[in-house]
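Enquirer: Below: one structure in structure tokens.
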Amino acid sequence: MSGYEGEASSGPTPAPRRADKPLPAICDPNHLLHRVVVLVFMCFLGFGSYFCFDNPASLQTQVIKDLDQNTAGFMQLYAWYSWPNVVLCFFGGFLLDRVFGIRLGTIIFSLFVCVGQVIFATGALVNRFWLCEVGRFVFGIGGESLAVAQNTYAVNWFKGKELNLVFGLQLSMARLGSTVNMNIMGWVYSKVADLVGSPGHFTLGISLMIAGVTCLFSLFCALVLGFLDKRAERILHKEEGKTGEVVKLTDVKDFPFPLWLIFIICVGYYVAIFPFIGLGQVFFIEKFNFSPAEARAVNSIVYIISAPASPVLGFLVDKTGRNVIWVLIAVVTTLAAHMMLAFTFWNPWIAMSVLGASYSLLACALWPMVAFVVPEHQLGTAYGFMQSIQNLGLALISMVAGTILDTRGYLLLEVFFCTCVCSELFCLSVLLLGLNQNRGDLNRSASSRASLLKEAEE
């Protein structure tokens, strides 16, 4: 006897269940249209974080002048963002998996981003630079972990469907946030100065508060995503998404030599990109006689190019393989771009465009290489360690770059960045020369990898 008949014999016939009625496509978690709606909120989840991350770069001259800082002090704003992530890169995934859960964790990290930006802006309002540094530290606690949460949502909703495209779109939206920030914050500052009556720390603080609205928007997206994910869990009877990361510090001792070379390449490359962008505005004003608006525009071209280029170049690397060769091309072209900026007076749009394409290519080719040299159960530890070292390098080099600029000027700073890039060339040479037998997968063609994978499955 069926369950329905049993219920009928013991009481009134129940009304038809609403769950049996098909859901509209836009409300059905299984339907592409609903996933597109989720993707929109997913992409904007990190928009505020990336928009406000480069607030100091877009307002470099104003921050230094209004808060009475030298360049070394200014670069501390980036160092304080990186310091908490030297540790949190290991434990962000653990907190999302085991402590908060993806929904609550995303909301908490979004709150850290919002609160950090408010503290940063308040420090400018009251002209207390130490409070600005505290704000950037709090902002950093949320920023990187929010990116982990964003990736977890992507895997949870799109694994086995449109995941590669989704990762590309998320990266593009992140770069769009950075680009909009670079090109709009100077205008916002000038409009606030007109309303207040004069530039100064109060004007700077109001401008940063206005920028913080993007963080509130991202918090709203986190709340909506939490609701939609909870609803999908109830309808589809699925588990809450997890990062899948397993962090074991003891795995570090088992890392192969090629992985350590990859770590060095990662640090050497990114410290020649982000600190330069952080200091770039004044460089273009002083060396090329650009207006502040022109300087902000050329300084943002790296992000503008990487937004559409990342998905395309990622597809290219996927189809061809040969990751080490692609990384080598990215490093050589990056070195050429820095040398053009340092030793020539060619139009900087050329060098910065090359830098934008190289940056996109390296990101697509370098990060997947980790999976070729460590077993799957060590991936969480390897990526966490890679991000940790990257943030440690960015924190230290940000301070070094500021000191070099204060004492020696932009020419020596560019020579320093060129030296960092050259260190990557040495590591890549070691990989290509095959000094470690375990590095074979790093430069295989895509067809060769596919054949090996097929043989392993058989």
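Cβ coordinates are placed from backbone N, Cα and C, and glycine is handled just like the others.
Please treat TrEMBL annotations as automatic predictions, because they have not gone through curation.
When I checked TrEMBL for this same protein, it listed these features:
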- 32-53: transmembrane segment (TRANSMEM)
- 32-438: domain 'Major facilitator superfamily (MFS) profile' (DOMAIN)
- 74-96: transmembrane segment (TRANSMEM)
- 102-126: transmembrane segment (TRANSMEM)
- 165-190: transmembrane segment (TRANSMEM)
- 202-228: transmembrane segment (TRANSMEM)
- 257-277: transmembrane segment (TRANSMEM)
- 297-317: transmembrane segment (TRANSMEM)
- 324-343: transmembrane segment (TRANSMEM)
- 349-373: transmembrane segment (TRANSMEM)
- 385-405: transmembrane segment (TRANSMEM)
- 411-435: transmembrane segment (TRANSMEM)
Enquirer: Mind checking which residues reach the transmembrane segment (257-277)? Cβ under 8 Å, same chain, six or more beyond either end.
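Expert: That would be 54, 57, 75, 78, 299, 302, 327, 330-331, 334, 338, 355, 359, 362, 366, 369-370, 373-374, 382, 385-386, 389-390, 392-394, 397-398, 401, 417-418, 420-421, 423-424, 427-428, 430-431, 435-436, 438-439, 442.
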Enquirer: I need to check the long-range neighbours of the transmembrane segment (297-317): which residues 6 or more away from its ends have a CB within less than 8 Å of a CB in the stretch?
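Expert: That would be 57, 164-165, 167-169, 171-173, 175-176, 178-179, 182-183, 273, 277, 280-281, 284, 290, 323, 326, 348-349, 352-353, 355-357, 359-361, 363-365, 368.
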Enquirer: Given the cut-off of 8 Å on Cβ pairs that are 6 or more apart in sequence, determine whether the transmembrane segment (411-435) and the transmembrane segment (74-96) share at least 3 such pairs.
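Expert: Taking Cβ pairs at least 6 residues apart, the transmembrane segment (74-96) and the transmembrane segment (411-435) are not in contact, as fewer than 3 fall under 8 Å.
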Enquirer: Do any residues, 6 or more residues outside the transmembrane segment (102-126), come within under 8 Å Cβ-to-Cβ of it, and if so which ones?
Expert: 45, 48-49, 52, 55, 63, 66-67, 95-96, 132-143, 145-146, 149-150, 152-153, 156, 201-202, 204-206, 208-209, 211-212, 215-216, 218-219, 221-223, 225-226, 229-230, 240-243
Enquirer: For the domain 'Major facilitator superfamily (MFS) profile' (32-438), report the average pLDDT of the model, please.
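Expert: Residues in the domain 'Major facilitator superfamily (MFS) profile' (32-438) carry a mean pLDDT of 86 in this prediction.
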Enquirer: Do any residues of this chain, six or more beyond the ends of the transmembrane segment (202-228), have a C-beta under 8 angstroms from a C-beta of it, and if so which?
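Expert: Contacts with the transmembrane segment (202-228): 29, 37-38, 41-42, 44-49, 51-52, 55, 59, 62-63, 66-67, 103-104, 106-107, 110-111, 113-114, 117-118, 120-126, 146, 153, 177, 181, 185, 188-189, 192-193, 196.
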Enquirer: Between 32-53, 74-96, 324-343, who has the most Cβ pairs under 8 Å to the transmembrane segment (165-190)?
Expert: 32-53
